[in-house]
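Trainee: My questions all concern the structure below.
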Amino acid sequence: MALRRPMVAGNWKMNGSAALAQELFKKFASKLQNDSAEVVLCPPSIYLESVRQLLEANKEALDGSLVRMGAQNLSQHDFGAYTGEVSGQMLKDCGCRYVIIGHSERRRMYGETSNIVAEKFAAAQKHGLTPILCVGESGPAREARRTFEVIAEELDIVIQKNGTMAFDNAIIAYEPLWAVGTGKSATPEQAQEVHAFIRKRLSEVSPFIGENIRILYGGSVTPSNAADLFAQPDVDGGLIGGASLNSSEFLSLCTIAMSA
């Protein structure tokens, strides 16, 4: 069985501040002292430089831990007349290692199709970023027992456009739409069932990828349910929304992941 290092990625969405970043790093510097889990901060783009500076300023205090920076989105284009967009190269220049791709809010609110998501996945890797690919089903799809069908479709388009080996440098986040921002989380058993399906799906085309890829759970993860979720054999950590805005809760989640 592969030894997959757990990851906790904090997606601030359109929230947070430079002060929140400073508060997080103040707690990280005294409490985050080992590398048994990887921590990724994904603030709004306007705060990437603030987080980068804090990473540099706290380099000595964070020695021995793995705290990284990621972005919440990127353009599928390298450059051009795309007002308001940010390219993969720009994110790389800012110090990002990761970027969230295909979050349900981007798909739903901004009309990002699976084809666009696949293009963004490619753009991220082209510029040396590791994509955190989000997949997940809606409430009606789950009620209709179409969860596996929906997720397979979302995965297959990325595979068709980028190849299976592209997942050698990728993270997957399962985020059931009915649990994102609702306060209603999937049960550990529900999460494990879907994560196992994702791993099996990828194993069918590459046993190595299937065994080694990290699959995060995202959807109302809190310190009260994280231990049971992270204890599941195919759950490798969490993509955290609301709880990432509370420094104490987020640090608790990081600590739980380190002991998972």
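Cβ coordinates are placed from backbone N, Cα and C, and glycine is handled just like the others.
For reference, Swiss-Prot lists these features for the protein:
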| type | residues | note |
| --- | --- | --- |
| ACT_SITE | His103 | active site, electrophile |
| ACT_SITE | Glu175 | active site, proton acceptor |
| BINDING | Asn11, Trp12, Lys13, Gly181, Ser220, Gly241, Gly242 | substrate binding site |
Trainee: Can you tell me the three-state DSSP label for Gly242 (substrate binding site)?
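Mentor: DSSP call for Gly242 (substrate binding site): helix.
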Trainee: Return the residues near Ser220 (substrate binding site) by Cβ distance under 8 Å, restricted to its own chain and a separation of at least 6 in sequence.
Mentor: Ala179, Val180, Gly181, Thr182, Gly183, Lys184, Ser185, Gly241, Gly242
Trainee: Between Asn11 (substrate binding site) and the residue listed as 'active site, electrophile', find the distance joining the two CA atoms and give it rounded to the nearest Å.
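Mentor: Each residue's Cα considered, Asn11 (substrate binding site) and the residue listed as 'active site, electrophile' end up 10 Å apart.
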Trainee: Taking the centroid of the Cβ atoms of Asn11, Trp12, Lys13, Gly181, Ser220, Gly241, Gly242 as the substrate site, which other residues of that chain lie with their Cβ within 8 Å of it, listed in sequence order?
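Mentor: Neighbours found: Asn15, Val180, Ile240, Ala243, Ser244, Leu245.
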Trainee: Return the single residue from the recorded positions list (Lys13, His103) that has the minimum number of other CB atoms within 10 Å.
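Mentor: Minimum Cβ neighbour count within 10 Å, taken over the recorded positions Lys13, His103, occurs at Lys13.
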Trainee: Sequence gap of 6 or more, C-beta under 8 Å: which same-chain residues meet both conditions with respect to Trp12 (substrate binding site)?
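Mentor: Same-chain residues close to Trp12 (substrate binding site) (Cβ under 8 Å, separated by 6 or more) are Leu20, Leu41, Cys42, Pro43, Pro44, Tyr47, Gln72, Ser244, Leu245.
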Trainee: If one measures from the C-alpha of the residue listed as 'active site, electrophile' to the C-alpha of Lys13 (substrate binding site), what distance in angstrom results, rounded to a whole number?
Mentor: 10
Trainee: Given the binding-site residues Asn11, Gly181, Gly242, which one's Cβ is surrounded by the fewest other Cβ atoms within 10 Å?
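Mentor: Least crowded of the binding-site residues Asn11, Gly181, Gly242, by Cβ count within 10 Å, is Gly181.
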Trainee: Say we define neighbours as other CB atoms within 10 Å of the CB. Which of the recorded positions Glu175, Gly241 has the fewest?
Mentor: Gly241
Trainee: For the C-alpha pair, I'd like the distance in angstrom between Lys13 (substrate binding site) and the residue listed as 'active site, proton acceptor', rounded off.
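Mentor: Here the two Cα atoms are 15 Å apart.
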